[in-house]
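Student: Quick one: this structure, given as structure tokens, is what I'll be asking you about.
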């Protein structure tokens with residue numbers, strides 16, 4: 001059984017970014033709240049939108065920072081500090097260029113893969129990388145110079161469906177993570193591929 005007390009969905013704020021690939025982490029948290037009949041509400045002291053729910057018998061707080069992506073650590077550190085939540089009790093959901101749409105991966109600790117949101121969170125948690133990451137695949141444009149435009153672009157409908165399916169399965173696997181352990185959650189999530197029969 002894994003103890004997760006805070007689930008964070010990374011995003012850029014504002015309507016113009018809401019449907020961009022970079023906001024995949026927030027899509028996951030929004031759907032998780034919706035599934036539990038909760039609505040994220042703005043809470044200025046945590047620099048973001050928050051909710052609280054009972055997930056697999058555990059008291060879990062949700063957070064979507066309202067800062068820009070590269071300042072996400074400010075919101076995460078504020079909430080973790082206030083509720084005395086340790087890095088290893090935090091799950092951060094984010095978009096992942098190195099994974100195709102329709103696939104998501106779960107891991108504990110590791111590098112930031114050049115993701116500015118993860119970089120800032122790790123820095124604000126005292127350079128402790130030992131938090132859970134839910135990596136939601138968005139695919140790669142194939143050329144490094146196109147990455148910024150790609151992550152800040154909206155996926156076509158076919159890709160959006162695949163990403164949504166992976167998020168849906170990720171929510172089921174989050175419950176497995178909380179009820180059982182990371183190995184079982186990873187085994188299930190890593191064998192899932194949206195669109196595969």
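Note that Cβ sites are derived from N, Cα and C of the backbone, with glycine treated the same way.
Among the features that Swiss-Prot reports, active site, proton acceptor is placed at 22. The tRNA binding site annotation in Swiss-Prot covers 17, 68, 70, 116 and rests on sequence analysis. Annotation comment: Swiss-Prot describes 12 as site 'Discriminates between blocked and unblocked aminoacyl-tRNA', evidence class sequence analysis. What Swiss-Prot lists as site 'Stabilizes the basic form of H active site to accept a proton' is 95, and the listing cites sequence analysis.
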Student: Want to know which recorded positions, from 22, 70, 116, are within 10 Å of residue 95 (site 'Stabilizes the basic form of H active site to accept a proton') at Cα; which are they?
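Tutor: Hits: 22.
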Student: If you draw a 10 Å sphere around the Cβ of residue 22 (active site, proton acceptor), how many other Cβ atoms fall inside it, taking every protein chain shown into account?
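Tutor: I count 23 other Cβ atoms within 10 Å of it.
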Student: Could you give the Cα-Cα distance between residue 12 (site 'Discriminates between blocked and unblocked aminoacyl-tRNA') and residue 68 (tRNA binding site), in whole Å?
Tutor: 5
Student: List nothing but the one residue from 12, 17, 70, 95, 116 whose Cβ has the fewest other Cβ atoms within 10 Å; the candidates are the recorded positions.
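Tutor: Candidates: the recorded positions 12, 17, 70, 95, 116. Fewest Cβ atoms within 10 Å: 70.
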Student: Specify all same-chain residues, apart from the site residues 17, 68, 70, 116, whose Cβ lies within 8 angstroms of the center of the Cβ atoms of the tRNA site, ordered by sequence.
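Tutor: Neighbours found: 12, 22, 67, 69, 71, 72, 117.
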Student: Enumerate same-chain residues with a sequence separation of six or more from residue 68 (tRNA binding site) and a Cβ-Cβ distance below 8 A; give 'none' if the list is empty.
Tutor: 12, 13
Student: Max Cα distance spanning 17, 68, 70, 116 (tRNA binders), Å?
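Tutor: Pairwise Cα check on 17, 68, 70, 116 gives a maximum of 16 Å.
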Student: Could you find out if DSSP has residue 68 (tRNA binding site) as helix, strand or coil?
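Tutor: Assignment for residue 68 (tRNA binding site) reads coil.
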